[in-house]
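These notes concern the structure reproduced below.
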Amino acid sequence: MSQGGKVEIVQTTPYEGQKPGTSGLRKKVKVFTQPNYTENFVQCTLDANGAALDGSTLVVGGDGRFYCKEAAELIVRIAAANGVSKLLVGQNGILSTPAVSSLIRHNKALGGIVLTASHNPGGPENDFGIKFNTENGGPAPDAFTNHIHKLSTEIKSYKLVRGLQIDIGKVGETSYTVDGKPFVVEVIDSVANYVRHMEQIFDFGKLRDFVSGKSNGKPLKMRIDSMNGVTGAYVREIFLNRLGAAEASVVHTTPLPDFGGLHPDPNLTYAKDLVDTVAKGDYDIGAAFDGDGDRNMIIGSKAFFVTPSDSLAVIAHYLEVIPYFQKNGVHGFARSMPTASAVDLVGKKLGKEVFEVPTGWKYFGNLMDVGRLCLCGEESFGTGSDHIREKDGIWAVLAWISVMQHTGKSIEDILKQHWSVYGRNYFTRYDYEECDLEPCNEMMATMEKNITAADFAGKSFSSGGKTYKVKQADNFNYTDPVDKSVATKQGLRIVFEDGSRIVMRLSGTGSSGATVRLYIDSYEKENVLGQASVMLKPLIDIALEISQLPKFTGRTAPTVIT
Ligand code: G1P
Ligand code: ZN
């Protein structure tokens with residue numbers, strides 16, 4: 001069927017603040033639904049591609065949150081008017097972030113538009129987001145997003161094919177003629193490509209025998225919680241249909257526009273239902289994902305918590321049990337700067353390069369593209385590999401189940417064994433959400449001034465019977481080893497003589513106010529079985545003293561502790 005349409009040029013004026021943050025533009029739904037707000041941003045995103053846009057293929061999909069479907073349809077109409085040849089759109093506008101990355105790579109697309117505010121709550125009163133991923137499948141780099149922002153301050157008009165008849169509810173291909181030029185929309189099954197991709201990476205036969213209990217007479221008892229986010233359909237297909245898990249192994253698998261009121265962030269606070277259930281019940285593994293499926297949390301029996309920094313290190317240690325790495329080899333590892341350095345120790349032992357990059361997945365892409373990095377992670381529940389250019393929650397769970405299958409050990413025992421070899425990085429993150437921006441900026445500026453003063457290095461701080469001597473302190477700067485681009489002011493960091501660290505930065509993903517993140521990392525070679533909150537208390541007190549956080553924010557306790 002071929003239908004027609006005419007390009008219309010609509011006059012508009014710029015909106016302030018269309019500046020993508022750590023991972024795309026995130027604002028309240030009410031902001032995105034203002035007249036021309038989404039249209040402006042989509043037009044600028046397309047324009048930032050320059051001449052390459054003409055005749056290109058783009059992928060479009062999101063996490064199913066409120067306004068996702070409307071935005072996807074709007075993008076089809078705007079893309080049609082801007083010379084794009086083909087759009088691959090997830091059915092009903094639904095695609096997880098890892099699935100978008102995978103589709104871009106498999107279809108050699110110019111890029112993709114991801115409709116998500118990730119782990120931020122959804123619904124008419126909450127957040128929406130738009131992110132552009134480039135042709136390597138990863139989030140657009142800073143230079144690209146700065147360009148989008150610049151265009152957004154100058155925009156005078158956008159292009160649209162207003163009357164285009166589209167139905168993204170039905171899988172299938174529709175051809176159009178727009179001002180005499182062909183334009184194709186292919187609505188695709190949201191999960192099929194991704195599931196195939198996972199089957200190429202992992203040994204599904206082996207995992208099925210392990211999960212169903214065929215290999216050791218004991219089915220794996222798991223609770224996989226999709227938190228009403230986009231992973232529901234993927235989880236059902238992979239864990240139930242392909243790996244033979246029992247129906248009760250998966251919960252909250254219907255994607256809801258408001259995530260059923262849940263805050264779809266897989267951490268100890270927001271995935272409380274999972275933690276409580278696994279703590280009480282008889283489970284071998286518990287896992288949760290965020291709204292768009294790129295984050296993961298792993299817990300073991302009795303809700304034994306695996307910090308994302310440790311998760312990365314353990315997977316690194318066992319990487320070669322996964323067929324993909326047997327085939328492609330193990331290249332370097334990387335972590336974001338605030339992530340505890342457990343993986344560095346594995347890299348050192350295995351003789352692999354280890355990179356420390358700023359917060360945000362986009363900084364891993366270049367290293368992967370040149371073959372220097374195959375596994376990376378962030379303390380913020382992000383784990384992934386070079387199979388795509390996004391972190392990947394379901395991939396991480398499959399990696400963990402592969403490690404469990406290989407070792408025949410419980411998650412707790414895998415960790416204890418790891419610590420006995422490498423020592424342990426105790427780690428915690430305190431989040432102070434929705435603080436006033438002004439005093440937070442002042443706090444950061446004051447702290448930067450204090451810690452970069454000439455006499456700060458060498459100073460000692462004591463608390464709870466422990467003394468830490470400052471080795472180095474700065475505002476983290478990063479030069480990309482591949483394209484030499486520089487990212488400045490990526491977080492305040494104090495490194496002590498024994499390797500312990502205090503890191504503080506302001507979130508770049510919030511939609512209003514300021515969120516302060518305080519990261520505490522302390523390494524112990526021998527004393528590896530302590531309780532993190534007890535072990536880290538002295539350093540936390542020192543961090544609060546140096547930053548004067550309670551004074552600036554008026555907060556005496558964090559909103560979330562991880
Ligand atoms: C947060 C995390 C960061 C992650 C990003 C996107 O960013 O801290 O590691 O890459 O979300 O999921 P932040 O809000 O800290 O800027
Ligand atoms: Zn996410």
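Numbers here mean position along the shown chain, with the first residue as 1.
A Cβ is built for glycine as well, from the same backbone N, Cα and C atoms used for every other residue.
Residues 1-23 are the range that TrEMBL records as region 'Disordered', among 1-23, 116-138. Beyond the region 'Disordered' (1-23), the same-chain residues lying 6 or more positions past its ends with a Cβ under 8 Å from any Cβ of the stretch are 34, 36-37, 39-41, 44, 80-81, 118, 129, 131-132, 139-140, 145, 148-149, 152-165, 174-179, 183, 359-362, 507-510. When pLDDT is averaged over the domain 'Alpha-D-phosphohexomutase alpha/beta/alpha' (18-158), the result is 95.
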